[in-house]
Amino acid sequence: VAAFYLSLFMIASTSVKKVRGLATMTTSPNTKIILHWFRHGDLRLHDNPALVHSCKKLSAASKQSDTYVIPFFCFDPKAFGNDAKSDFGNLKCGPRRAKFITEAVKDLQQNLVKKGSGLLVSHGQEPHEFVSKLVKDLSSESNPSQNPQWTIVCQEEVLKEETEAVRSMQSILPPSAKVQTVWGSTMYELEDLPFGEALGDLPNTFTPFRNKVEKKCEISPPLPTPSKELKAFFPSDGTLLKSMEQYMKPEAFPSLKQLGYNEASVKEASTVDPRGVMEFIGGETAALARVEDYIFTKDRLKIYFDTRNGMLGADYSTKFSPWLAFGCVSPRWIAKECRRYEQERGIQNKSTYWVVFELLWRDYCKFFCLKHGNRVFYPNGILSGTQQQPQTPWKVYQPVLDCWKEGKTGYPLVDANMREMRATGFMSNRGRQNVCSFLCLDLQQDWRHGGDFFETHLLDYDVYSNWYNWCAGAGMTGGRVNRFNIVKQSKDYDQHGDYVRHWLPELKDVPNQFIHEPWKMSQFQQREFGVSLGVDYPHRIQTAAPPSGGRGDDPSNQKRNRGRGRTNRQGNTGNKGESSRKTNSNNR
């Protein structure tokens, strides 16, 4: 790390010695500056369509003019810090995820420097404010005819806050400048999908989508990592404009405190709970290492389907999701590695297919959001304004919501999963399905409170997977709704209660007979097993319908607004697949 910062500082300081402002660099209308905007979903160099697009523009334009590409990343104060909150009063980005993102951006910066480029890093100002200042610094008010031509390139996103950031960026640019968005982050190319213009024919349930895509589409190979092109990003003599120096110094990289997190939050982020499944380190380097380790070194791919519903340990599932969420690894890269494993190890089975199947679920979330837009944040989801729209308002009862959030519902499987997420930022796929079903269908609380709480705490939060799956889990996408039988699920997937005891130490001495139904213990048995219900562990919360009345099967075996102006079912401001099969399809 020290060597990286030294090299980065040498690049910046050497360049500043060579140039002391715009006057020493000749600009003209033929000078072109491409600002490459890394966002939260593409923090990598490999298989990065937007980055490749910037490189192509550089190659094409440099034949006729001086052309430079300036990569940058902004820590938006609207997303980071203790003051950045949703309409429901939760942090937009919890400190653990913020730490993961800072690690990912550091790694990106380091990898760019190794390629002969660099990365400007800003905090404390919104992206469009940062670019506005940069454009002003690199332009001449006295001789505007000599100002360079500007282009901003970034990955295309499709929901409210993300598209608003692009519009804000376009609004501050000179009239001739444009923001160019490039599709990325999905395994399948948008233009290859057989669903008509603007995905108008995209099915509203996953299975017909899957069948048609797998039949008619191919997964493109990953794009190569730019190498020679990156070295040409900055002026060929190595000079950088002085106005950039402040964003490249080692001390310019923000700490969590500088991002607006208080002392308690910083401590929370730096504390690694030993009960967690593994320690997640942000960045492309760690992401590629995890893919290699899981698939090849530990040889876990061949048994993935059989172990994927576990809840304890690092390797019951891939754990790729935090890196996928922030684009530290490409889904096409993972698919390619799965195919390479099949070829090199001579093993092709349901497990080697199922990892790619999970990535297709992840694709579907973004494509669904592209089709339906911000309706995934509406209280009635895509059913709003249709004959299927429910007439009964969602409930919002804060004591019940607090019990769910704090892992104090009296249902051990629910409580253990919620405590794991709060302590580590991670929750298994099995856990996500159950806690979602319990909140929406058993407690009948407004599902958006669940989605918003996950947005705060999950390490692997991405807007598409999170909000689509909560919307679907609440039954607001029009498909079949699966109510999970919490007790049956507990006995099926935590047969001996190991997971529950791991996260609920107050139940450590409760025998298997009662570990998933502690309310069945008599007063005598409570004394015998060292737990007093209502004192050491809560009485089970009252549900709208008995949780034991729902289905316990795994549906996978069956054939703001988002703080973004959310309203309740009746349209009043809220206070703060075809199934609910996944509550975040990234979480594998």
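From the backbone N, Cα and C atoms, a Cβ is placed for every residue, glycine too.
Note that TrEMBL annotation is computational and uncurated.
Per TrEMBL, FAD binding site is recorded for Tyr304, Ser317, Thr318, Lys319, Phe320, Ser321, Asp460, Tyr461, Asp462.
The compositional bias 'Low complexity' annotation in TrEMBL covers 568-577.
The annotation domain 'Photolyase/cryptochrome alpha/beta' is assigned in TrEMBL to 33-187.
Annotation comment: TrEMBL describes 540-588 as region 'Disordered'.
The Cβ neighbour count for Trp394 (site 'Electron transfer via tryptophanyl radical'), using a 10 Å radius and every protein chain shown, is 20. Taken from TrEMBL, the feature site 'Electron transfer via tryptophanyl radical' applies to Trp394 (among others).
Annotation comment: TrEMBL describes Trp447 (among others) as site 'Electron transfer via tryptophanyl radical'. Summarising the environment of Trp447 (site 'Electron transfer via tryptophanyl radical'), the number of other Cβ atoms within 10 Å of its Cβ, over all protein chains shown, is 24.
Summarising the environment of Trp470 (site 'Electron transfer via tryptophanyl radical'), the number of other Cβ atoms within 10 Å of its Cβ, over all protein chains shown, is 29. If you look up TrEMBL, you'll see Trp470 (among others) marked as site 'Electron transfer via tryptophanyl radical'.
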Euclidean distance between Cα atoms of Trp447 (site 'Electron transfer via tryptophanyl radical') and Asp460 (FAD binding site), Å: 19
Mean of the pLDDT scores, which run from 0 to 100, over the domain 'Photolyase/cryptochrome alpha/beta' (33-187): 92
Close recorded sites near Thr318 (FAD binding site), where close means Cα within 10 Å, chosen from Trp394, Trp447, Trp470: none
Cα separation, Trp394 (site 'Electron transfer via tryptophanyl radical') to Tyr304 (FAD binding site) (Å, whole number): 37
Rounded inter-Cα distance in Å - Trp470 (site 'Electron transfer via tryptophanyl radical'), Trp447 (site 'Electron transfer via tryptophanyl radical'): 7
Distance check against Trp447 (site 'Electron transfer via tryptophanyl radical') for the recorded positions Phe320, Trp394, Asp462, keeping those with Cα within 10 Å: Trp394
Cβ atoms near Phe320 (FAD binding site) (within 10 Å, other residues, all chains): 25
Rounded Cα-Cα span from Asp462 (FAD binding site) to Trp394 (site 'Electron transfer via tryptophanyl radical'), Å: 24
